[in-house]
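Undergrad: Below is one structure. I have some questions about it.
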Amino acid sequence: MLKLLCLLLPLVAVSASPIDLGSQKDYLVLDLPGLSHLSETQRPTMHAGLLPLNLSFVADDDTEYFFWRFSKQDVDRADIVFWLNGGPGCSSMDGALMELGPFVINPKQEVEYNEGTWVEAADVVFVDQPGGTGFSSTTNYLTELTEVADGFVTFLARYFHLFPADVYKKFTLGGESYAGQYVPYILKAIMDDLKSDSGQLPKELYLKGALIGNGWIDPNEQSLSYLEFFIKKELIDIHGSYMPGLLQQQEKCQNLINHSSGEASESQISYSACEKILNDALRFTRDKKAPLDQQCINMYDYTLRDTYPSCGMSWPPYLPDVTAFLQKKSVLEALHLDSSASWSECSARVGSHLKNKISVPSVDILPDLLQEIPIILFNGDHDIICNCIGTERMIDKLEFNGDQGFTEGTEYIPWFYNEVNVGKVISERNLTYVRVYNSSHMVPFDNTPVSRGLLDIYFDNFEDVEYNNVSGIATPVYDVDKNITYIDSNDPRLQNGPKSSSTDDSAAHGNPFFYYVFELFVIVLLLCGLVYLYQYYSNSAPHSILADKHKKKSKNKSKNVRFLDDLESNLDLDNTDDKKDNSVMSKLLSSMGYQAQEPYKPLDKGANADLDIEMDSHGTSEK
């Protein structure tokens, strides 16, 4: 009787789906072009296909979300990561086939193994969302981030009905760029659902945390950082004839932000006048004498060039091969898609509908999330559109868990990968921030093995090291074929033996002892329930991923603005308190010989100015 109860437990935990989703075998991906060339250890177990949502808040809904799930063969991971790309309207197949998935696509449109795949550390599920993105389809395009979040919760309910064992894995939500809006909204919706007596999700779901890369979380801070970024990276001539126009646009953006009341009914995700700063900067810095494909700075990686006005829209360079791969009939069939299905990286229609006239920027809900779960924000330092300056200034001003920003005495810690300093990390009160060196808007695209180190930091899978008298942390280096982990090159190898799989589809793994192992698994599952309760209550308090010994105590807190600090010697700009940002801009204006019609000063946010403010979707895809 006990045996029967244990076997039925995963099914009881997930509420019945009103839709016939079939079985896991119906979604199994058995072959792909080039897969036979990979070693057995490099071939993941894969499931993919469309899940119908039947959204309750949409009449006659026909929305279907496409997912692609990867896990290591014969290995039962304790963690599962759901990954979302941004846009809005950009497919998560970017993440699956150009960033952190187990494959990259070669010029023959065949899969090759991705040496740094996150699938070595966790199961990973890539989801095209909202409807109309990538392979996902709909005739009912969503208009608010709250709707996007509710739609994803419905998708998860369908998914966990199909994969009930995944409910008991530690759930992490990850994404990049515009997913900086998606992820916080979805996290909030998941939390609300789990607390509701009528929620769609199983109560056993353990929400571990989130990772957001180059996130477009605070559009205002990002917009105000563009000009500073161009100046600091010497991408622009501060004495150029176009500078007064750029400064005027910066001032207009600042005034719009200052006049915003901050109330949900009047807030907007972004202002077109603020987005115009980046567009103008790219236009003014165009090199018309250069070859056509070198005339514009790549907004996703300032070290690269592109045609104008694309300015990075034709990047990454592997995109044509990915597109051709996903249009192959054999691939569509393997992914359980109709032969007439079409794929494009980004959908303008999704972005044009997602107006967010009611939804507030996700930075406003970030503090509440940080009370519940740890979140890692990471930024590649070559990105312009969602640059590290904007993210760091957002954190400086963010009030969370009893304080503003990271407190004085909380220091950046150097991060080493394979004895190379690849970034710096700071962590406190459930928030961790990582600046990743020599990386673009898509950090995993530039160096996937290093990006997996972000997951190791998130999993507390690192150790304290010292290289050349510099103390820091080091993340593992993985040897895939031998399934061995290195903490650093001087430490002995740590053997990670394969574990039995938790999936209920024996054909997926070809394990002849599967059913015996499964019986053992469900028994262990009951014990894990006790562990879950312990983790839930022990992790409820905000904490720092980094050890306390990296933090220096200080009685006094003093916050300085780093705005234009590289120019201080030339422009005679003093470090200024956060509350006086505008006075710093005023000094910059004066140093350029530019005088505004009115003094540039902070405006009363409560002032009822009659402003013609109109929000539109990003003119450039955030991928």
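The backbone N, Cα and C atoms fix where each Cβ goes, glycine too.
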Undergrad: If you look at how Swiss-Prot annotates this chain, which of 489-515, 597-623 comes out as region 'Disordered'?
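TA: The listed stretch tagged region 'Disordered' in Swiss-Prot is 597-623.
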Undergrad: Which of the active-site residues S177, D383, H441 has its Cα closest in space to the Cα of N430 (N-linked glycosylation site)?
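TA: Nearest candidate: S177.
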Undergrad: State which of the following recorded positions has the fewest other Cβ atoms within 10 Å around its Cβ: N54, S177, N258, N430, N469.
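TA: Sparsest of the recorded positions N54, S177, N258, N430, N469 by Cβ contacts within 10 Å: N469.
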Undergrad: Which three-state DSSP class does N258 (N-linked glycosylation site) fall into?
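TA: Once the DSSP labels are grouped into three classes, N258 (N-linked glycosylation site) ends up as helix.
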Undergrad: By CA distance, which of the recorded positions (N54, S177, N438, H441) lies nearest to D383 (active site)?
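TA: For D383 (active site), the spatially nearest of the recorded positions is H441.
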Undergrad: Determine, to the nearest whole angstrom, how far the Cα atom of N54 (N-linked glycosylation site) is from the Cα atom of N469 (N-linked glycosylation site).
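TA: Pair distance, Cα basis, whole Å: 59 Å.
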Undergrad: Hey, what's the Cβ neighbour count for D383 (active site) at 10 Å?
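TA: Result for D383 (active site): 28 other Cβ atoms within 10 Å.
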Undergrad: What is the nearest of the glycosylation sites N258, N438, N469 to S177 (active site), using the Cα of each?
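TA: So, spelling it out, the nearest of the glycosylation sites is N438.
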